[in-house]
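Summarising the annotation, Swiss-Prot assigns ADP binding site to THR396, GLU401, ASN709, GLU929, ASN932, HIS958. According to Swiss-Prot, the feature compositional bias 'Basic residues' maps to 1026-1037. Here Swiss-Prot flags 411-647 as domain 'ABC transporter 1'. Here Swiss-Prot flags 673-1000 as domain 'ABC transporter 2', drawing on sequence analysis. Here Swiss-Prot flags SER714, SER768, SER783, SER1043 as phosphoserine, drawing on experimental evidence. Annotation source Swiss-Prot lists region 'Disordered' at 1022-1047. Annotation comment: Swiss-Prot describes 48-85 as repeat 'HEAT 1'. According to Swiss-Prot, the repeat 'HEAT 2' annotation covers 91-128. For 130-167, the entry in Swiss-Prot reads repeat 'HEAT 3'. Sequence annotations record features per position, and here Swiss-Prot assigns repeat 'HEAT 4' to 171-208. Annotation source Swiss-Prot lists repeat 'HEAT 5' at 210-246. Per Swiss-Prot, the feature repeat 'HEAT 6' maps to 247-284.
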Amino acid sequence: MSAKSENKQSVKALEELLKHLTVCDAAEEADAAKALASFVNGPIEEQDAPSQVFSAISKQLNDKNATARERVLKGLEAVANHGSVAADVEPYLVELLPAVIAKVADKQNAVRDAAIAASKAIVRCTTPYAVKAIVPSVLESIHTTGKWNEKMNSLQLLDVLVEVAPSQLSYSLPQIIPVVSESMWDTKAEVKKQSKETMTKVCTLIANADIDRFIPELINCIAHPEEVPETIHSLGATTFVTEVQAPTLSIMVPLLARGLNERSTPIKRKTAVIIDNMSKLVEDPQVVAPFLPKLLPGLYHIKDTIGDPECRSVVQRAITTLERVGNVVDGKIPEVSTAANPEVCLETLKAVLGEIKVPTNEEVIAKYVANIAAQLVEEKDNENESWVLNITPYLTAFIDEAHIHKIVEQLRTRSIAKIPGGASHAEEEEEGEDLCNCEFSLAYGAKILLNRTRLRLKRGRRYGLCGPNGSGKSTLMRAIVNGQVEGFPTHLRTVYVEHDIDESEADTPSVDFILQDPAVPIKDRDEIVKALKENSFTDELINMPIGSLSGGWKMKLALTRAMFKNPDILLLDEPTNHLDVVNVAWLENFLVNQKDVSSIIVSHDSGFLDHVVQAIIHYERFKLRKYLGNMSEFVKKVPSAKSYYELGASEMEFKFPEPGFLEGVKTKQRAIIKVQHMSFQYPGTSKPQLNDISFQVSLSSRIAVIGPNGAGKSTLIKVLTGELLPTVGEIYQHENCRIAYVAQAAFTHLGHHPDKTPSEYIQWRFQSGEDLEAMDKASRVISEADEEAMKNKIFKIEGTQRKILGIHSRRKLKNSYEYECSFLVGENIGMKSERWVPMMSSDNAWLPRGELMETHAKMVAEVDRAEALKSGQFRPLVRKEIEEHCSLLGLDAELVSHSRIKGLSGGQKVKLVLAACTWLRPHVIVLDEPTNYLDRDSLGALSKGLKNFGGGVVLVTHSREFTEGLTEEVWAVNNGHMTPSGHNWVSGQGSGPRIQEKEEGDTFDAFGNKIEKAKKAKKLTGAELRKKKKERMARRKAGLEVSDDEL
C-alpha cells in the first residue's frame, strides 16, 4: 500500500473517531475519548494527519451545539492525559490552548468544566521548556478578559506551571508579576483571593534568601500601598549578599518605585539605599535592563528636587551604581536583548534549515521548537546535550533524522552567539573513571549557595575547591559526607577530615581515638600504632590524650584515621592550618601518592594547592565551574581570581589607625616592650614551656614567630600580650603602650552579642574608655598571690609604718613617674592587738614607680591606663566615628550601623574583630595564625595594611607567603627556646629618625567630650624682646602706667 493511501486511511480513521465522540451516548463518551487519544498519540505514517485532526477540533470548538463543544474538549483532555503524548501532537495542543481557555467563559456549565479540565491537562502534558509558548496566552487571558471565571482559570494555570516547570517559569516572572498584581485589584472577590494565592505561589520561585522572609509583606504591599513605608523600613535593615536575578527584581522593583514616590524623605533615602545595595549584586546588565526605566527617572527626579544634602548623596550613589551595572551612558538606557525571543529563534531555525523548506502545515511545530530554543537561550544553557535532548523529538516530525544533529548544533551555536556577553562557561573535559556526575542545589538555612549545578569527579584526582568566605565551601563538603547532595552515589565512601577534634574526646589517647571509631574496620591495635609511627608519631604522642596535642598533630591524627576507613573521596577543610613547613611537605607528598583516592581540598594556602591539585572547582554565581590544571593555571584562565594566588593582587586594602604618641619614645627603634630571661610553665606540667627567653618590640618591629607544632609560639604571644604572666623573668612595657591582640579563637567575644549591631558592640566594649573584653587578662586580674604580696609590703613614711590602700594619680618624676597613694597606718605592730587603720586623704604621699612595681604593679598599671584616658588619645564613641573607623577595614557604614552581628558572614566578623581591637589606636598589633580565619582577598588587604601601619607588628604563622615582604625579624621557637634573627635591638633611643609629635586637632575623652587645651605662649626672639623694652620705656617716659612684669 502506498504512503498516500495510508495517509488517507489515517485521516479517515481520525475523522470517524472524532465524529463518534461527538454523537456517542454519554456511557460511551469516555471510551470514545480514550480511543481518539490512543490513535492521535500512536504511530501515524504521515505527520500531516495530526494537523488535519486538530484543525477539525478547532472548528468543532466553535460548534453551535454545546454537546459537541463539550465532547471535543473532553477529547482534548484525553489526548493530553494520555500516558505518552507524541512529540508531534504536543505543539498542536499548545496551539489550541488560547481557544480552550476562551471556552471557560462558555454559558454552558458542562462546556466550562470541560474547558477547565482540558486547559490544565494541556499545560501539564507539555515539556517544561515550552513555558514561553504557554505563558503569553495565559497572561493575555488574565489581562484582557472580562469574564471572571476565565480569569480564575488562567490564574490557576499559572499555579499548575509552578508545579510542573518551576525553574523555567522563574525566568518569566518579570512578565507574570505585573499582570497578576493588576488582577489583585479586581472587583470580584473570588478573583482577588485567587490572585493573591497565585502571587504567593509564583513568588516561591524567587531564589533569594535575603528577601524570602519579606515576600508576604511585598505581596501585601501590592494590595495595600499604605504598607509601603513600613516594608521599606524592614528591607532597609537587611544586608544583601545573594546574587540578584530578574525574579528578585520583578517583585522588588514595584515596591521600590512606590518608595521613590513617597513623600517622606527618610523613606526615599532608604529606598535609594536598597536600590544601591541590590544593584551591586547584579552581575548581568541584561538582568537589570528591563527595570531601569522604572527606577532611574524617579532617582533623577529626587536628586534634582530633594533638599536634604545627605539624602541627595545617597540617591546619587544609587544612580551611579545603577548606571554602572546597567551600562547606562549619558542617561541613555540600553536596549534589552532579543536573543531569547521566540520570534528571533524561529528566524534562526529557518535560516539553519536552509534548503529544507518547512511545510506550511508544520509551521506550528517549528514555532514550538523556537519557543524551546528561546528558553534554553534565556537560561544561557550552552550544553549540547540539553539542546539535543529537548529539541530533537519535535524536529523528527518533519525532518530526516540524518540532518537533525547538524541542524540542532547550528541552531544552538547561532542562538547562543546572540546572547550579550556570551553563554556560561563550558566545562573542560577530564579523562578517567567517573566517581560521580550529579546535578543538585544546595542551601544553608534560608541562604541558597548553589542552584542547579553539576559536580563531576574522577577517581584518583585532586580538586581544589575555591570561592570567597561565606560561599559555602565547607557546607558543600558536609552535605556530601552527610548524604545531602541529590544524586551523589550512595555507595561511595567519603571522609571529612577536619582540623578540629571534638572536645568530648579530649582525654582519649591517640591510638584509642582511632580504635573506638565505629567506621574504622581494623581493630588491631598494633597495626594502628604502626601506621601512627609511619606518620612520625612517637610512643609518647601515641598514648597522649588528644586534647594535649597541638593543632598540627591533631590534623595528622585525623588524616591517619581517615585512611583506615578506606575512602573513595577525602574531603579536607583547611588541612595546612596549624601545620609547619615540614608537615605541609609531608601532607603534599601523602596526597600526591594516593592514586585511587580522590581529594577535594579547601585551603587558603595557594602554594599548597599549586603543588597538589590537578583541577580547581570554582564557585561562580551559584554554580560550580571546573578548570583543569593547578592554581597558577586557574589564575591564567580566571584573572579575576588572581587574589587567590597572589596576596598583593587583592584590590582591598585595610588601613589601621596611626598609634598615639608615647611619652619619652623619640624614635621607632626604642623598645616599648622588653622581656629579659623570661620562663613560663603551666601549673601541673613537668617542665617549663618557655625557657630563658629575651626579646624586645619597638614601633618599627615587623616580627614573624615561627616554629614546629607544639613549640610554644602561642604561649609566647600570650605572655607578650599579658594573657599569661611569666613564671620567671622581667617584662617591661611602656606605661601608655596599647596592644591589639587577635587570637585564633577570634569570634569568641562576638558570640555573646549576637543581637547588637557592630556599632553598638564597639560602643558597649569601650563605654568606659577601656576595653571591657580585656578586663580578664592575667596581667590585670589581682590574684591571691598578688593580694598576699601587697598585704605584706610595709612602707616607712614620716616615721610611721604604712600599707598601701589605693593608688590614685600619677605625675612626672625625672625620667619616670611617681604615684599618689592612700594608706593604712599600723598600730601595735607585732602584737596581738595589731590593727591597720585607714588614714585621711591629707596624709596621702607620692611614691616613686620603682618602689611600687615589685608588689603593686597591677595597681600601677590601672593608674597608667586611667592617665592615658585623660590624655585625650581616644576618639568620640559616636556612630559616625565608628563607621569611619570600620570603613578602613572594609566594613560598609550600612552594615556597621544597621546589621546585627549574628547576620554577618565569617569574613565580616573577622573585620569587625580587627576594627574593635584597633579602636584604641594600638602601638603593637599581634595576630595569631591570621591565615586560618581570613580568605585570600582579606589576607592581601591585611598584608598591605600591616606594611603601612605606624606601629609594631608580631605575627604567628606557618605561611611563608604571608610573611614574605612583610616581616624583617624572625623569632624561631623550638623546644621551649627562642632564637631571634634579623633583629635590630637597641638600648635607649637608637639612631633612627626622630618621631615628631604631631599637632593634634580636637581631642575627646572616652565619652565624646571635647578637651579644651591651653594654648602655649609663643617665645619671643631677642629682637622682639628689645623692641618691647623700648616701647615700655617710651610709655613710662610719657607718664603712662606701665606694669613691672610687662614684657
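The backbone N, Cα and C atoms fix where each Cβ goes, and this holds for glycine too.
Calculated from their C-alpha atoms, the gap between SER783 (phosphoserine) and THR396 (ADP binding site) amounts to 88 Å. Using a 10 angstroms CA-CA radius around SER714 (phosphoserine), the binding-site residues that qualify from THR396, GLU929, ASN932, HIS958 are GLU929. SER768 (phosphoserine) has a Cβ environment of 12 other Cβ atoms inside 10 Å. Shown are the recorded positions THR396, SER783, ASN932; the one with the most C-beta atoms within 10 angstroms of its own C-beta is ASN932. Of the recorded residues, SER768 (phosphoserine) and ASN932 (ADP binding site) place their C-alpha atoms 32 Å from one another. For the repeat 'HEAT 5' (210-246), the model gives a mean pLDDT of 81. Within its own chain, the repeat 'HEAT 4' (171-208) has Cβ neighbours under 8 Å at 131-132, 135, 139, 142-143, 148, 151-152, 155-156, 158-159, 162, 215-216, 218-219, 222-223, 242, 244-251, 254, 290-291, 375, 378-379, 448, 451, counting only residues six or more beyond its boundaries.
Just so you know, the Cβ of SER714 (phosphoserine) picks up 21 other Cβ atoms within 10 Å once every protein chain is counted. Each of the binding-site residues GLU401, GLU929, HIS958 was assessed for Cβ neighbours inside 10 Å, and the highest tally belongs to HIS958. For ASN709 (ADP binding site), the number of other Cβ atoms no farther than 10 Å from its own Cβ, over all displayed protein chains, is 19. Pairwise Cα distances among THR396, GLU401, ASN709, GLU929, ASN932, HIS958, which the record gives as the binders of ADP, peak at 68 Å. For the repeat 'HEAT 6' (247-284), the number of residues in each DSSP class (helix H, G, I; strand E, B; coil) is 29 helix, 0 strand, 9 coil.
Counting residue by residue with DSSP, the repeat 'HEAT 5' (210-246) contains 25 helix, 0 strand, 12 coil. Secondary structure by DSSP for the compositional bias 'Basic residues' (1026-1037): 12 helix, 0 strand, 0 coil.
Taken residue by residue, the repeat 'HEAT 2' (91-128) breaks down under DSSP into 33 helix, 0 strand, 5 coil. Remark: secondary structure over the repeat 'HEAT 3' (130-167) totals 34 helix, 0 strand, 4 coil, with classes taken from DSSP.
When secondary structure is read from DSSP and collapsed to three states, SER768 (phosphoserine) falls in the coil class.
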